[in-house]
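Undergrad: TrEMBL lists A:32-52 with the feature region 'Disordered'. The compositional bias 'Low complexity' annotation in TrEMBL covers A:38-51. The annotation domain 'Copper amine oxidase N2-terminal' is assigned in TrEMBL to A:63-144. Residues or ranges marked as domain 'Copper amine oxidase N3-terminal' in TrEMBL: A:154-253. Residues annotated as domain 'Copper amine oxidase catalytic' in TrEMBL: A:279-694. Residues or ranges marked as active site, proton acceptor by TrEMBL: A:Asp357. Summarising the annotation, TrEMBL assigns active site, schiff-base intermediate with substrate to A:Tyr445. Among the features that TrEMBL reports, 2',4',5'-topaquinone is placed at A:Tyr445.
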There are 2 protein chains.
Amino acid sequence: MLFISAVTWYTLSKPGYFDCTGSKTLRCTFSSREPAGSRQSNSNPNRNPNQKWKEITDAIPLHPLDPLTVQEINEVKAILTKYEPFLASFPAIHSLSLDEPEKSQVVAWKKGDPLPVRKANVITVLDGHTHVVVVDLGLGRVTSHVMDPFSGYPVVTLDDLGAALVVTYGNEAFKKAIAARGVEMVDLSCITLSPGWFGPGEEGRRITKVECFSSEGTPNFYMRPIEGITVIVDLDKKEVLKIIDIDRAIPIPKGENTDYRYVAQDQPANMRPINPISLEQPNGPSFTVQDGHVVTWANWVFHIKADQRAGLVISQARVRDSETGEPRSVMYKGFASELYVPYMDTDEAWYFRTYMDAGEFGLGATAMALVPLNDCPRNAYYMDGLFAAADGSPFIQPNMICIFERYAGDIGWRHSELPVNGFQNRESRPKVTLVARMIASVGNYDYIFDWEFQTDGLIRVKVGLSGMLMVKGTKHENVDQVYENNELNGPLVSENAIGVVHDHFITFHLDMDIDGTNNSFAKVNLVKEETLAGKSPRRSILKPHRKIVKTEDEAQIKLKIYDPSEFHVINPSRRSRLGNPSGYKIVPGGIAASLLDLDDPPQLRAAFTNNQIWVTRYNQSEQWAGGLLVYQSKGDDGLAVWSARNRSIENKDVVLWYTLGFHHVPCQEDFPVMPTVTSSFDLKPVNFFESNPILRAMPNFEKDLPVCGPGSLYQ
Amino acid sequence: MLFISAVTWYTLSKPGYFDCTGSKTLRCTFSSREPAGSRQSNSNPNRNPNQKWKEITDAIPLHPLDPLTVQEINEVKAILTKYEPFLASFPAIHSLSLDEPEKSQVVAWKKGDPLPVRKANVITVLDGHTHVVVVDLGLGRVTSHVMDPFSGYPVVTLDDLGAALVVTYGNEAFKKAIAARGVEMVDLSCITLSPGWFGPGEEGRRITKVECFSSEGTPNFYMRPIEGITVIVDLDKKEVLKIIDIDRAIPIPKGENTDYRYVAQDQPANMRPINPISLEQPNGPSFTVQDGHVVTWANWVFHIKADQRAGLVISQARVRDSETGEPRSVMYKGFASELYVPYMDTDEAWYFRTYMDAGEFGLGATAMALVPLNDCPRNAYYMDGLFAAADGSPFIQPNMICIFERYAGDIGWRHSELPVNGFQNRESRPKVTLVARMIASVGNYDYIFDWEFQTDGLIRVKVGLSGMLMVKGTKHENVDQVYENNELNGPLVSENAIGVVHDHFITFHLDMDIDGTNNSFAKVNLVKEETLAGKSPRRSILKPHRKIVKTEDEAQIKLKIYDPSEFHVINPSRRSRLGNPSGYKIVPGGIAASLLDLDDPPQLRAAFTNNQIWVTRYNQSEQWAGGLLVYQSKGDDGLAVWSARNRSIENKDVVLWYTLGFHHVPCQEDFPVMPTVTSSFDLKPVNFFESNPILRAMPNFEKDLPVCGPGSLYQ
């Protein structure tokens, strides 16, 4: 069966319904409750289930970057099953995805051409070793096999986590510890955390740290930590290594007012109701999705796909020149390369909580079906993700990505002349954009990833944070009981619950190819210049000093408010009619730096957050900012290591990296579910176009807009 | 006649149609062209003109903060006409607006109570002196009269600027200079710039600097500067003081491809058309505007009014507590206090271009009627501004403010649990917000001001920049002709046109009254703490250090990426059930600092941009960051002066000031009209609510959403 849902996979015999999935804050529970099971929110509004099923099973690759199909995944599995080194014991498949062709092949490919040979990149674990294998589907065999290329292990699998919970739940000492806290096993919810890396003590074996909660009286178990119990489990030997049971006097926070489900609300919000409001397009959306993955809208064309690790990958983004109609390359590939979340607490159960969600759990692996009408507006188009399970079989993340057009009442450009002069111009153009969205629910946190395309050539990359805080139990019910507020590692957000301070850093891989592969990186520094005495009544001005950055070392950028620069990726070979090089600039936003010691173990592993901007020489293997293998890695692979090679980046194929940062000091409003906080950065054309590309955009006219009636009248 | 449009005011006899209005980049022209005159975009879609006219003329004040009515403005004028010091010569009215009652009176006032006595604050210029006068409408007389309280003069009037152009256009030497540049007088467009202040040379008299353009072949004359001609005019004596005529060899940039009007486009944009898309609310908007100025929406209530200087003023913003239903004070008053735009060029015609648009020209005075369906979406509600002209008569800025609800496909909060566990939660809530918008077209630039209210208590203050660049003529047509790119003071944006580098700083006055008048300012500094050796495998964490700021001096904040803090305005007397003080934090965005020398004359005048955040003790007279009188001021009044008093701000009535900043290095895409660039900051509840106030928000259901058809079917 194709839909290998973790439900069927991990359901054990009753009593004690059991399930697990691969998430940092994986919930695993012994429970007599059955999954409730309305599948409505899983359904793809665009297609009926039968048609969808057929589309998925029959799909063939149509573009060099298309993800592996069901058939291809099955072929890879078949090849690996017969592969000599795996005959004795079939390894766990931690990652199985398209090994993308060389960029030159992809760029040269045109629709109608035969596809470059299809290959799969497979990362497996066998006997405690990592095997990185390339399967050539043309040759039907393994063509590359590397063992333990770096420290660390690949993304954990559902099997890993399921097994960790099986041994935890079956451990007698653990059961006693839970019972001693007054929690029934049916109310127990545990999550399996990545342990980070903190020196030799835990090296040489794959482990997880299990932390537990009570879900008595609430589905929002995150708000009810059983503080101080940590179970360390060996994932390969499937055994409990250690149970830590401290902080026994800390009460479990109560569950009242933590249920966030609509059905559980017994009264409406105390505010005037909001009338129905909706983005309406009676003629339908203006974009098309061709061949399953190629989006065409306004002046944009790009390839989009779901990825188990990155979540959502945008490739070959091209914008049509508003003068010539020429499709021009902007970005070869863009995606969230890593998501680093260090918590700020040195306690036994907390010091290691320094997640790297993409490399440890997978942003696509944790991206559940979007909720129609609420996660995405009407007229959204939904796409599925197709990944491989631990046994090598294909599985689907349904409705994982949505694509929609957005009109928010904003203005693309405008100008009014005072109505009294000879030119009574009153011109304004509405701003309509295209959004591609994916939401990873990495356990407690929900990360909303938006790629927004504007007709003026700008790409806005947005990350919204919602979901649940990771709270810590405390004896305190009121800040008056705390001698010094600084004693706590975060504010009290509810009785007996601290919202532990933490950061979020999302590092994006932005392989810019402005009008072609070879680009340069220019820093346009705004420098204060003093005026020579007597030359002008003005004493100082800012002057832009443009400098081409020669090497990776120089391209390690820490943003400075009082020494500002613009950062351009330019094509030195393509100049405008005025002679300006064609370029895009990155406009930083969501600026927060990691302030941890550079030699603190989590920061060694997340050294890619030591700067906000990096530019590296393109190398197809350098995709993941935290390194290929992140789980328990030591930081011997990744962006900081590559950049340290200090390669030349002038007029070369280069990759831009940007880190969006959030410092999060929680507050009461974040309890029991957090209102979304959003930050974004922009990729913005700068002398890429000869002039404003939306000068000739259409205004809105009344006659074109929809005519609508209340939905209730039409039911 | 009430609608004293500048057209009727300033129209001279033909031939030579002449008109002027009060704008920095005022366009004044001798022309045989009549104003084209479609009034459609002026009409208020909410009301028919007759009804509107009656509403305006009959209006009476209903709230202590309501702006002066037509009748009140006429009363003020009548009183001043009989006022002894003005009998000999009636002064020019530069500003005439409500003298707001004491805050305590306003706060105590309830609907149904009699209004506090109505007073007008009038700033006039007579014989080169500034007179600040308070007229008590209850007593029917002047109750306060101060002459020349500070250096500088009030906002210029239309009369000032008209007169400056009359004397310029009539000057024979000027005519010769223009003719020598090959420009016909019918194609001449001049603008009257504020001169700033640069020492004794130009002190002691009100002057303007006139710069001119050719509008031959384009209504976008801004793109065609006649570089190097500057006419200095004495505004009071109405005489040309000096004509500077340099840079005669610099050609006037051509007008091709600069016309931005829809009617002038001869071909559609080279992109796939976008189908109609619209925000639809078939049941209508959910907000009401009561008594002309009080907006009620969801959990918000606030007073809104147009202001000639600030543009848009939000007062008494209160949010209803989601638990108790109690209306709770958040902000007493918020508005754009000043807008400082220093250009970065030391040349004769450029060094002084360091505008303070609110205090020199008026953001409301330059806020033209919004364009329905394009500046604001359908269902927007439009409000007029009512101001006083230079002769003291009332005049209207029609449709100056719009208010609308916004749904942009964004998410208020959400959480998905993995579908395989016992709790199949898939909850998401759409984000709907309320926007109040005003757009000031201060000559070339258009500033879009949005106040956006969210149901989670957040207020987002956004400024969007569009309109025209101020370009400088140059002999160069290609950057190859420039010896060193740094030779230019900005990039070449078209042939013979440099986009001169400049900054924009918008300083907001945010009189926060969190749960009452007396508040404190807390800085929550995130400090790196090293772990004691052996205490934890973790070496460093960030810890929030909370500190109440005692004085204004300590509250002068320069933002630091590597020494981050949160900035809270709290009410120390109101604590949550957990003991946390009720508060709002300011979340900075659009962070750019002014880097000019502190003793550079423009920076002395704009010393309010020396920090990004300030907190001052409330004083009703301290409203304008650049001082009461800004035109040619020396910086002896304003935020920096007030803060230097170093008053105590702990548990006092305090005002928060925040400066949004933009460094603008222009590019080709900004030519001939700029795609909108937007920045924003947030005022965000922090322990103000006991918990997430939108926990019980409604999701969208299909049955509630509109049913729409294409507009074309219904025409």
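Each Cβ is built from the backbone N, Cα and C atoms, and glycine gets one as well.
Bear in mind that TrEMBL entries carry predicted annotations, made automatically and left uncurated.
Since we're looking at a predicted model, the values are computed, not measured.
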Undergrad: Would you mind reading off the Cα separation of the residue listed as 'active site, schiff-base intermediate with substrate' from A:Asp357 (active site, proton acceptor), to the nearest angstrom?
TA: 10
Undergrad: Taking the Cβ of A:Tyr445 (active site, schiff-base intermediate with substrate) as the centre, count every other Cβ atom within 10 Å, in any protein chain shown.
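TA: Step by step: centre on the Cβ of A:Tyr445 (active site, schiff-base intermediate with substrate), count other Cβ atoms within 10 Å, giving 26.
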Undergrad: In the domain 'Copper amine oxidase N3-terminal' (A:154-253), how many residues does DSSP assign to helix, to strand and to coil?
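TA: Grouping H, G, I as helix and E, B as strand yields 30 helix, 31 strand, 39 coil.
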Undergrad: Work out, from DSSP, the number of helix, strand and coil residues along the domain 'Copper amine oxidase N2-terminal' (A:63-144).
TA: 21 helix, 29 strand, 32 coil
Undergrad: Using all protein chains in view, find how many other C-beta atoms are within 10 Å of the C-beta of the residue listed as 'active site, proton acceptor'.
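TA: That number is 29.
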Undergrad: Going by DSSP, is the residue listed as 'active site, proton acceptor' part of a helix, a strand, or coil?
TA: helix
Undergrad: Averaged over the domain 'Copper amine oxidase N3-terminal' (A:154-253), what pLDDT does the predicted model reach?
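TA: Average per-residue pLDDT within the domain 'Copper amine oxidase N3-terminal' (A:154-253): 95.
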